[in-house]
Amino acid sequence: MANVTVIGAQWGDEGKGKIVDWLSERADVVARFQGGHNAGHTLVVGDKVYKLSLLPSGIVRGTLSVIGNGVVLDPWHFRDEVAKLKGQGVDITPDNLQIAETCPLILPFHRDLDGLREDASGAGKIGTTRRGIGPAYEDKVGRRAIRVCDLAHLDDLGPQLDRLTAHHDALRAGFNEAPIDRDRLMAELREIASFILPFVKPVWLTLNKAKAEGKRILFEGAQGTLLDIDHGTYPFVTSSNTVAGTAASGTGLGPSAAGFVLGIVKAYTTRVGSGPFPTELEDATGQRLGERGHEFGTVTGRKRRCGWFDAVLVRQSVAVSGVTGIALTKLDVLDGFDTLKICTGYRIGDQTYDYLPAHAQDQAKAEPIYEDIEGWQDTTAGARSWAELPAQAIKYIRRIEELIGCPVTLVSTSPEREDTILVRDPFAD
Ligand code: IMP
């Protein structure tokens, strides 16, 4: 298993950026395989903070980075993010960054539609990042998308554009919006094409060659398993498959490529956007977790909802993503609590469950069944070995392992990359 696939095992924001950065130093290639610039990956390297949304985190260290076909790409955002990182001294060229030819483009009217629909949805709103992710994936599946490879064939776009605008103009009319201005769109595409095209490659070929040469590939997931379009808390999910299996289909490799699946798990639970959250704490304890954990969205700045650790949900994520081991993050946020709670099951009406049922109404009614566990008063922040952890913190970790049925591979004790306790090297398997 030379490869490692990193995925979020909760609702995103588990701290994937730091772990991917930490692993990318030993990877030969880092690949994004789903999502788009709805992600927010923060990397702290020395005294510099890098915020990435679309580019694979490996780019900061100069590792060959690829954006796979499973990603939806906003070309203008891509240009801005490249410029921002270059401004921070990161070297980005077509030699170290590749975009798959088959990525669907996120276009300005996708962003408009995302916002218009959210505004019109009242209590049913999903709380999306409003970046056009959902509408772009809809066009991909609807076989109307303009893809990255089309940027090299803009003069042949006519029939595709007919299908796309016929669909969107009907939708826009319902929102009292003007039809798509095709001339303007073509001019915008012509303008951005020259920036994007040098990065465009048959990424599936690059990755298959890398695999054949025994190179180590790191797959960087975005969002989290509970936001997966099939396995998440539907409809309050993103529009892609966020599970580890997508590492293969979202890049053009076979299913065995995923290798060691590292699930990133926060020591408590957070969620941004609408949707069920059984262990949510809307009280002073939730407030305390949010303040100590600096729980504000990287992309939208929204305050994240916070709650106790939910072992049922993580166990479910471990199962549907085939997680080999977990990286436990932000343990230090739990320092100083007298008692901690872990959710071990749900009560819905007069029935108990050891998994989250699929229906949104059941999910909304799920009441957590808690187990209390004694907290610790010493700090775990910055610990780099088990010996530096309070005994109760180790008990908390061991209990989590038992409940989710998966071992801890590493523990992250601060945003600093060196503040990490390594139990098992995922690349060594
Ligand atoms: P979308 O991906 O913008 O369509 O948003 C759908 C849902 O996924 C919303 O609840 C968002 O808050 C959530 N979401 C999307 N990306 C992220 C992320 O990177 N971290 C956490 N939540 C996310």
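A Cβ is built for glycine as well, from the same backbone N, Cα and C atoms used for every other residue.
Just so you know, TrEMBL annotations are computer predictions that nobody has curated.
So that you can see what the record holds, here are the features copied from TrEMBL:
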BINDING   12-18, 40-42, R304, 330-332, 412-414  GTP binding site
BINDING   D13, G40  Mg(2+) binding site
BINDING   D13, E14, G15, K16, N38, A39, G40, H41, T129, R143, Q223, T238, R302  IMP binding site
ACT_SITE  D13  active site, proton acceptor
ACT_SITE  H41  active site, proton donor
ACT_SITE  K140  active site
BINDING   T298, V299, T300, G301, R302, K303, R304  substrate binding site
Listed in sequence order, residues not in T298, V299, T300, G301, R302, K303, R304 with Cβ within 8 Å of the centre of the substrate site Cβ atoms: G40, V272, F296, G297
For V299 (substrate binding site), the closest of the recorded positions by C-alpha position, picking from G12, H41, L331, is H41
Is any of the recorded positions N38, H41, T129, K140, T298 within 10 Å of G15 (GTP binding site) (Cα-Cα), and if so, which, in sequence order? H41
Residue among the binding-site residues G12, G15, G40, G301 whose Cβ has the most other Cβ atoms within 10 Å: G12
Taking the Cβ of T300 (substrate binding site) as reference, which residues of that chain separated by at least 6 in sequence fall under 8 Å from it? T129, R130, V272
Could you state the CA-to-CA distance between T298 (substrate binding site) and G40 (Mg(2+) binding site) to the nearest Å? 5
Sequence-ordered binding-site residues from K18, N38, Q223 with Cβ under 6 Å of an atom of ligand 1: N38, Q223
I'd like the number of other C-beta atoms within 10 A of the C-beta of T413 (GTP binding site), please. 23
For G15 (GTP binding site), what is the secondary structure state per DSSP, taken as helix, strand or coil? coil
What whole-number distance in angstrom separates the two most remote CA atoms of the IMP-binding residues D13, E14, G15, K16, N38, A39, G40, H41, T129, R143, Q223, T238, R302? 34
